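Please read the structure below before turning to the comments.
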Amino acid sequence: MGQIMGGKNGPYNHVDFGKRIVTPNLGTPEPDDRAGNPYYPDNKIQTTKYTILSFLPKNLFEQFHRLANVYFLFIVCLNFVPQVQAYGKEIAMLPVIFVLLVTAIKDMYEDYRRYRMDKEVNNRICRVYSGAEKQFKGCMWEEVRVGDVVHVGCNEMIPADLVLLKSSDKTGVCHLETANLDGETNLKTRETALPLQEAPSWEEGEHFWIECGRPSSDVYKFNGRIKHRKTVLPLSKAQLLQRGCVLRNTDFIEGIVVYAGPDTKAMLNNSGPQYKRSKLERQMNIDVAFCAVILVIMCAAGGIGNGLWINWYPQDSAQLFIPPIEGQSEGLDPALDGFIRFWMYIVIFQVIIPLSLYVSIEVIKMGQVYFIHQDIHLYDHSSDTSLQCRALNITEDLGQIQYVFTDKTGTLTENMMVFRRCAVGGKDYAHNIKDEMKGEEALRKSIVHIPGQTTQDFIMDHPMVPEPNSILQEAVESVYTEAPPSGEQGNYSELEEFFMVLCVCNTVMVTTGHHDPQESIDQQAIGATSGARWDASGDNIAFEPETDSTSTGNTSQTTPIQYESESPDEAALVYAAAAYGYTLLERTPRSVRIRKPDQSEITLGILNILHFDSTRKRMSVIVRYPEKNEIVLYCKGADEAIFSQLDANIEGQQEKQLTVEGHLLNYSQEGLRTLCMARKVMTEADYLTWQGEYTKAAQHLEARDEMVYMCACRLEQGLTLLGATGVEDRLQEGVPDTIAALRRAGLGVWMLTGDKQETAINIGYSCHLLQKGDNVIRFNCHDGKLIDQQLKEICLQLGACGCQQCRPQTASCMEKLHNFCCRCGHTVEASNTCLRQQRNGAVDASEVGYGASLDITKKIRRVVPAAWIGPDEDVRHMPPKQNSVKTTKSLQGNASSGDPCLVVDGRTLALLLEEQRADWLLAVARECKAVICCRATPLQKANMLKLVRDRLKVMTLAVGDGANDVSMLQAADIGVGIMGQEGMQAVMASDFSTPRFSFLRRLLLVHGHWCYYRLATVVAYFFYKNAAFVFVLFWYQLMNGFSGSAPGDQYYLLFFNILFTSAPQIVLGVLDQNLPDDALSAFPELYAVGRESRTYRREHFWWNICDALYQSAVMFFIPYGAYADSDVGIWEFGITVMGVALVVTLAHLAIQIKCWTYPHVLIFLASLLLYLIFSLVYSAACVTCNPLGNPYWLFQHTISTPEHWGLLILTTVIALFPRFLYQYVQSVLFPTRVDRARLFTTRPYGDERSSTSTATSFVIS
Amino acid sequence: MSAEGTRSGDKKPRDTAFKQQRLPAWQPIMTAGTVLPAFYGVGLLFIPIGIGLLVTSNNVQEIVVDYTNCKQAGANLTCAEVVQNVSSPGTCMCQVDFTISSDIAGSVYMYYGLTNFFQNHRRYVKSRDDDQLLGVKQSRSTLNTDCKPYDGETVNGTFMPYAPCGAIANSLFSDTLTLSYGSTPVGLINTGIAWWTDKNVKFRNPTGSSLQDAFSDTLKPKYWQNPVYELDSNNPDNNGYLNEDLIVWMRTAAFPTFRKLYRRVNHTDTFQDGLPAGNYTLTVDYKYPVTAFDGTKRMILSTVSWLGGKNSFLGIAYIVVGCICLVVGLVFTIIHIKYGKNNPEDPVGFSAAAFTNE
């Protein structure tokens, strides 16, 4: 880590293969012969997976990575073995080819779209310096190479990752909008590394080189250095212009390409959502394995049966009638024949492993995603975005979530910061907001501000500007009117310095009027722009200071100032400072210009900015006061991060800290975000020493970040506390309702935040995560030894595991403790089930009387018509005596404590997450109604989530909006990114992105419920259908000596699944609704169906297999009975059986459909019609085209017999009778909540959907 | 690289009933009011249908004569024993006397029935060549390989296919059955017993100056005694592949116990009102061995209803299902009346309303 600068040895002194040296492509005449940088890819991007030539092999190769496809390929190959051959060689390939083709077409279409986009991007024009012609020449993006010098004009897109060399701006700065990269719409500043006058001149072919690290996907990281003439200077991300960004506010820039095409950060980040597999699919795959077992059993039974039959069948006559085994001249060897039959049966029974299942599920999910995208309720008008499904294959997981982990800032809250309070000079000042506007809509609107009012200064009109506190205002004014108070420490005014910190210590950009160049004619364009477009002539900042209303002078020329910031907190602070007259006028990388309340302007030189990072939790700016020639470090940060760095020697510091801490406590209790401000004066010598170290650190290629961190920490010591601020972060609209709904839905809602404990708790209260009367347990313990003891105490307080069996009523404390340790340590799974029962107290009758379940029951009763809850589950239906006893007992149990809620802070969390305590933590956390983790780092958030997900084996959903939530989003089963103020990082990592938190309610409760219900029903049906079909074939083997004969033509056998019966289930999977959306939304309790996987479980699979067994027996033996000892031929019988199978399976599906609409009807009719037409045409088409079951006129002949129709009706009724009866008995005598809700929501209104008004009237009752 | 941000409202989904999943819908709900009528309906519908079917089936008259073990005329051996020796098939004539106790009215059909004969065995089923039966002259290479080992023989170095090839044809039922009422022979017609499409489309004789010439380069199947062009020498339209006995046989049966239509009783002259009651004699030219695989042979005389032959299964099944539906409906009505209506714990009362409705 030591030696970094390679001044003497040049760039080659420490060889690293990942490093790249870039030299400019200048002076060489031939564009194809560009010198210097031969190894790096050019700027052509290719996001397509295939080329025309490689499509077929590559796509097939990928498709055969799927186990199912390999299996079916194996079957096809097996069918090519002559002895085993069950179907025509070519015909047997049809289904597989069909499936492959559908997938291939889908892939091809997607790839073609990518190709089109690539082509468009590659053919964009930019200007590249041509050494031959000594000028910039138009050039397509794809022709740009590493080392090219590129000229980019205002509002143009950067074609590749450039290092900025020249800017039209005299300070060497340019402004960049990075929305395409990270979604942040505020402008970023980039500056040249070399002083302007030293910029290399292309015309003279001046040589220089750049050394930088290997391409990386980290958008925020770029280290390197540039050697020009004699100097070597560090490069950082401040010099890097990333591909895809747009140049703003700057006339032009010139830069050299360092990363091109696939190496650019934009492309490296363009990985797309990662593949997650849904719970249902995981479950399904196991069931597919069971199907394989069933298949093997059936095949073995068939093979053995065949051997036995041959054994029994007299050999001599067998020769007469039954041809011997293929390839053998005579004789039937039972063992050999049985063995061959086994393989043949695998071919014949292959469909029990549902080939079409995977394709159908993909199609269904595409349909589901389409409808989620189309949902108008998930469209946010103000941002013109709607909820986006980025992961297309986990829609049904939305209906199975058990725990929701949410970030606070920007997720639950607006991330729209409003300055509320400040503590300075030992006093606390409160602020009101001008034009207090309620709701997000108002705030959003006001951002696009109309700078038309001539009498009003723009800044003062901004919604984020607080109304100055009059007392503070006076105090501020007195600083300038009165003589410097002698009582102050040092020669500075604490007030002024406080505001200077607010003003200076940030990275806020000053922007001027938002005029769209295209619309510049209409200077007053009302609401024409969002913060995304800037005037090119941005550097004439005219600003009229308007701190008091008396000076209503020459404001007609005013170009209003607005502040743009990566962090909304900073902007709020700058606006607040402006309210008191400390106005930030201009910010360049080297200086800031500030206007003070006395109208004097001061320009401070900025020596260094030590950016905020999550470990230090503070940021600092080192400024030089020109007149005093004083170097001051301004620092702001989290309270603990500042307090720990204060200079303890300064007199009064301790007391001041105590006062401020008191204020901070108040602030955070109000739910405000707090920051502390501090300063430190440095001597020139100290600074220079430090700066030397810092420069070294900053130039380090590998360990730069660590070294910079250490440097910064070294400097940020011995601070003097100035004051503190409290900034309000408003709750998003609909958050409390949404959280309440999610809780009613039985979801555990956990809040993981980086904020202070008090702030977090207060936000928790305001968003109804916590409620008045809750027993909030704050768990702050930073001692590894004490924590075990405390954990135990909390366990005791909560009554350990939480269900009746786990809670010994009379046990002593020690016993309890022991029990707890045993249970929670080793049987988390068991107690988990207990907990589940407890959560669903309203459903499981046995748990009635237990406190928590009673409580939940009560809660549900508040909002649900009691009839939804089964009679025996209802406490009131109990015999009164028993009832009262139980109630009082449970009330006593809970009266003392209220609902427990756990609040853990970050350091405690770090200890708790350790392996040996994890189970305990979970045991406690599960017991709690709500859990809040504050001061959590991004990694802790992810670890917490993983812990819950893996140990409790639950489905988790994480919601977040910022880069700090990315790891959590990726760890969760479903990551939901909020498209908010903090850029697109979270959205990029998410599976679903939503403009508002409150959409979560509809997404989960309505779409999640539907998707789960639909897919679960379809999957269960799929297994049933294929099994039933195969079992029919199996029954026939009993009749034909286990020879592998199939009743029916091979086309029917192969097309049954993929043609005749595939569409209706897709319609069900996409369109069916077991309940209308308003009912699902109004009664979140209904979500339990999916949360507990009630629609599709392992037992459902087996029940469906049993049903298939029964139905197949009916489908086969009823026709058999009717045709026994008649002159019916094998193919006529086959047509009847196939027809019966088709009608029964379709009718089976039909009785499962809960909501018939015209697409349902159409598709069902179309399926039947397809079958009829296919059969008629096929039977009439050719006389000898199919050697095995010559179909000529078969179908016509068969359907002209009355037996066929009589059997069709009879068999359908008999086959579906038990299931129908079961459904009826279940829904009338043992109705589930959904059944009751259906009864309620649909009955009185017939075909019309129920109205929400009546639904809510029940809520009230 | 996405496009520039669009103006507000562009991305708003269209508010149509389909896209918002608000199509007018019928939501069937299982309640006593909807399901119990369905049970009764099915019951009341099925029982009459079943009775109708049963009556129809019972009106079909059927005489079954098992002649598997009939004795050779004038010898002490059963024909089965005589015929069993496949290698040297002897001729065996036998007679079986039977009585028809009541007159059989209407058209009477004669069937032969076999048991334990696995015509549906996979290898048996596919051992045929449909092209050959369509009159296409097959060489060794074009002949369906599934016909093996009954595909043909090499005679004098040239391959001669069997006509027709395959196991099905090879095992053609070869008994000849004749019937006499007392001493009056009952006229039997051997045409009109196959499907029209089979006779007129699927089966064609190969072309040739004469039928024999058409089959000149073929051999008779291994176990046949006469070549295919001598199946019915009396009727050229019923000879060769067009022979209806062959056509009927070639339509393989679905189950090991089956019957096939053999003859139609000629009702035009003597037996215009069907077969009268009395003593009949079945004379069998017994050639077909079945005892080796425990098979039996039967002669069946049967009339035909619109439903086909005599089979009461369908009718009984309909009646049983109808009864079960009625019983289940009744049981649930009782349950419903007893427990459904007075549900005191239903504070809202809509479940009670659901029970009483309709």
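The backbone N, Cα and C atoms fix where each Cβ goes, and this holds for glycine too.
Whatever TrEMBL says is automated annotation, not expert-curated.
Marked as active site, 4-aspartylphosphate intermediate by TrEMBL: A:D407. The Mg(2+) binding site annotation in TrEMBL covers A:D407, A:T409, A:D961, A:D965. Feature annotation from TrEMBL assigns ATP binding site to A:D407, A:K408, A:T409, A:E570, A:F612, A:K636, A:R673, A:T753, A:G754, A:D755, A:R935, A:K941, A:N964, A:D965. The annotation compositional bias 'Polar residues' is assigned in TrEMBL to A:548-565, A:881-896. What TrEMBL lists as domain 'P-type ATPase N-terminal' is A:37-91. Annotated domain 'P-type ATPase C-terminal' per TrEMBL: A:987-1232, in sequence order. Residues annotated as region 'Disordered' in TrEMBL: A:537-566, A:873-896. The transmembrane segment feature in TrEMBL is assigned to A:67-85, A:91-109, A:286-310, A:342-361, A:1011-1038, A:1050-1071, A:1101-1122, A:1128-1149, A:1161-1184, A:1204-1222.
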>> Fewest other C-beta atoms within 10 angstroms of its own C-beta: which of the binding-site residues A:T409, A:N964 fits that?
In response: A:N964
> Could you give the mean pLDDT over the domain 'P-type ATPase N-terminal' (A:37-91), rounded to a whole number?
Replying inline: 80
> Hey, does the transmembrane segment (A:1050-1071) touch the transmembrane segment (A:1101-1122), meaning at least 3 C-beta pairs closer than 8 angstroms, sequence gap 6 or more?
Replying inline: no
> Residues of the same chain, at least six outside the transmembrane segment (A:286-310), with any C-beta under 8 angstroms of its C-beta?
Replying inline: 68, 318, 332-335, 337-339, 341-343, 345-346, 349-350, 352-354, 357, 1023, 1026-1027, 1030, 1034, 1037-1038, 1041-1044, 1098, 1101, 1105
> Distance between A:F612 (ATP binding site) and A:T409 (Mg(2+) binding site) at the Cα atoms, whole Å?
Replying inline: 17
>> Can you tell me the CA-to-CA distance separating A:R935 (ATP binding site) and A:D407 (active site, 4-aspartylphosphate intermediate), as a whole number of Å?
In response: 11
> Are there three or more C-beta pairs under 8 angstroms joining the transmembrane segment (A:342-361) and the transmembrane segment (A:67-85), sequence spacing 6 or more?
Replying inline: yes
> Cα-Cα separation of A:N964 (ATP binding site) and A:D407 (active site, 4-aspartylphosphate intermediate), in Å?
Replying inline: 9
>> At a threshold of under 8 Å on Cβ distances, which of A:1011-1038, A:1050-1071, A:1128-1149, A:1161-1184, A:1204-1222 pairs most often with the transmembrane segment (A:91-109)?
In response: A:1050-1071
> Three-state secondary structure of A:F612 (ATP binding site) from DSSP?
Replying inline: coil
> Taking Cα atoms as reference points, which of the recorded positions A:D407, A:T409, A:D961 is nearest to A:R673 (ATP binding site)?
Replying inline: A:T409
>> What whole-number value in Å do you get for the largest C-alpha pair distance within A:D407, A:K408, A:T409, A:E570, A:F612, A:K636, A:R673, A:T753, A:G754, A:D755, A:R935, A:K941, A:N964, A:D965, the residues recorded as binding ATP?
In response: 25
>> Neighbour count, 10 Å Cβ-Cβ cut-off, for A:D965 (Mg(2+) binding site): what number do you get?
In response: 33
> Among A:1128-1149, A:1161-1184, A:1204-1222, which stretch has the most Cβ pairs under 8 Å to the transmembrane segment (A:1011-1038)?
Replying inline: A:1128-1149
> When you scan the chain for residues with a C-beta under 8 Å from the transmembrane segment (A:1128-1149), skipping those not six or more beyond its ends, what do you find?
Replying inline: 1021, 1024-1025, 1028-1029, 1032, 1036, 1045-1049, 1052, 1056, 1060-1061, 1064-1065, 1068, 1111, 1114-1116, 1118-1119, 1164, 1167-1168, 1171, 1175, 1189-1191, 1194-1195, 1197-1199, 1201, 1203-1204, 1207-1208, 1211-1212, 1215-1216, 1219
>> Tell me the Cα distance separating A:D965 (Mg(2+) binding site) from the residue listed as 'active site, 4-aspartylphosphate intermediate', rounded to the nearest angstrom.
In response: 7
> Looking only at DSSP and grouping its letters into three states, which state does A:D965 (Mg(2+) binding site) belong to?
Replying inline: helix
>> In the three-state scheme derived from DSSP, which category covers A:G754 (ATP binding site)?
In response: coil
> Under DSSP, the domain 'P-type ATPase N-terminal' (A:37-91) has how many residues in helix, strand and coil?
Replying inline: 29 helix, 0 strand, 26 coil
> To the nearest whole angstrom, what is the C-alpha distance linking A:T409 (Mg(2+) binding site) and A:G754 (ATP binding site)?
Replying inline: 8
> Per DSSP, to which secondary structure element type does A:R673 (ATP binding site) belong, with helix, strand and coil as the options?
Replying inline: strand
